[in-house]
Amino acid sequence: MTRYIFITGGVVSSLGKGITSASLGAILEAQGLTVTLLKLDPYINVDPGTMSPFQHGEVFVTEDGAETDLDLGHYERFVNATMTRKNNFTTGRVYADVIRKERRGDYLGGTIQVIPHITDEIKVKIREGADGADVALVEVGGTVGDIESLPFLEAIRQMRIELGDQQTLFIHLTLVPYVAVAGEIKTKPTQHSVKELRSIGIQPDILVCRSEQPLPDAERAKIALFTNVPEPSVISLSDVKSIYEIPLILRDQGLGNRVCEKLNIKATAADLDDWKKVVQAQKNPRHTVTVAVVGKYVDLEDSYKSLSEALIHAGIHTQTRVVIEYIDSEAIELHGTELLKKVDAILVPGGFGSRGIEGKILAAQYARENGIPYLGICLGMQIAIIEFARHKAQMENANSTEFDPKTPFPVVALVSEWMAKEGIIEKRKWGDDLGGTMRLGGQPCRLKIDSLARRLYGEDRVIERHRHRYEVNNDLIGELEKKGLVISGRSIDDRLVEMIELADHPWFVGCQFHPEFTSTPRKGHPLFIGFIKAGLAAKEAKKAVLAAPSQEKTD
């Protein structure tokens, strides 16, 4: 029997419902339970795949090829479960499926309404996503009081009635602000948020109160009194330097035990020693390395959320504080590579469109010519190919057909056909819809013997997640290989280039996939760990060169 924990948010958005949900999931998992997490998004887009990163942040890709909310990235980084397309759905997806059923005649001519048809569809999708788990944590996007969230809130209200309070639990996350002018903590916003939730028919069982500093006991008692929530169920969650501390903070306040008690679950004590090790390693680095992330969405760091976390994970596993310098590629076009002079390593992430492309190419050229560690991810690998073709293979004006359809040397072109993991042949052509038509999800990759990639992974075949519709042009690969480009990874059917390296460079790697999606704080990822180690080595080499003249003078 699956138990359901519904997590809602009040007062303001961006309080951290996703991280709180994931942290509770980590606690329950440590107590011996199988856990899954769902994210319900109230926007009308079918999925976030075609949304601007500036509006939505990162699009997280699941193993089965779904383009989902970035919170699913938090879920996978905190719990061992692998998310699927069933773990995230939107209002748009719900309405699309209901309308499809209506057109098919499934409702026998009935009038289609929000209640019961939309709410019933939401409940069906929640149950499908939760299937097989001991506990399903269901995060409802948006803020209580938003019109968009009402069908989701009504659906979970109905699930409480249908399943009872031994199988369902409501957790409400609110803001408890500190007003500096008055020198007081204000509980009134939380009181009103709970009042709004109760007017919908939902009484929260547990409150998680977000604040700058830990809540005093007197304020917790006051909140409990005015919200009808028992005082032990009012949890204080103040700001922390590392999100990986949160499972420990919530565990120490007894949140996992309270949940198990209310849901009548017999569970063991939560052993979070691995999280303690993660936090200790992050707080006590022995080295520092500076990484330039050269992109076009740098004004919103959530656009590269999994990427920044993967670099932090690599730092944890190399005892290194990773300083991330986000550099707009258009700024490099304007001011040149002087912006890269002080960094120890360069990373060019994925992206779409022609804006800022030449700045990324300059960054790749700077890394190649100066022996600086380079990691190109997805578009970043394609950028490295274009730069190499132009400046090493004498292919003047080489480009991707995404940016220049008439380029004389189309070293990167549209992927028209590939074999999916299940052996199914997928096909695409110009003019297809943008949504959901890329090469998506986990795909197997065969690594070249004696390559850097093979040494980093320690195996000859890996599965990594993809999100792209352009690939390296096989017709021109031979010419590039003659000039020193190493194809270190290929798709299992040998049709697509998955990884590249440079034989005469200390550490230069490109991958068509997104390794950041499978990096976790407890395990890291071999490519990022290798990248940070290379950055440290480059930093030490630079220091040695700078120290050499002064040593000669001393002698």
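Along the chain as shown, the residues are counted starting at 1.
Glycine is no exception: its Cβ is also placed from the backbone N, Cα and C atoms.
Owing to the predicted nature of the structure, the values given are computational and were not obtained by experimental measurement.
L-glutamine is bound by GLY351, LEU379, GLY380, MET381, GLN382, ARG469 in Swiss-Prot, and the record lists one more residue there from GLU325, GLU330, GLU402, which is GLU402. The ATP site recorded in Swiss-Prot includes SER14, LEU15, GLY16, LYS17, GLY18, ILE19, and the single candidate from ASP64, ASP69, ASP71 that the record places there is ASP71. Cβ neighbours of GLN382 (L-glutamine binding site) (same chain, under 8 Å, six or more residues apart in sequence): GLY376, SER400, VAL412, TYR470, VAL472, GLY510, GLN512. Note: the Cα of GLY351 (L-glutamine binding site) and the Cα of LYS188 (UTP binding site) are spaced 43 Å from each other. Spatially, by CA atoms, the recorded positions GLU139, CYS378, MET381, GLU402, GLU516 include one closest to LYS186 (UTP binding site), and that is GLU139. The Cβ of ILE147 has fewer other Cβ atoms within 10 Å than any other of the recorded positions ILE147, CYS378, LEU379, MET381. Within the group of recorded positions (LYS222, HIS514), the Cβ with the highest number of other Cβ atoms inside 10 Å belongs to HIS514.
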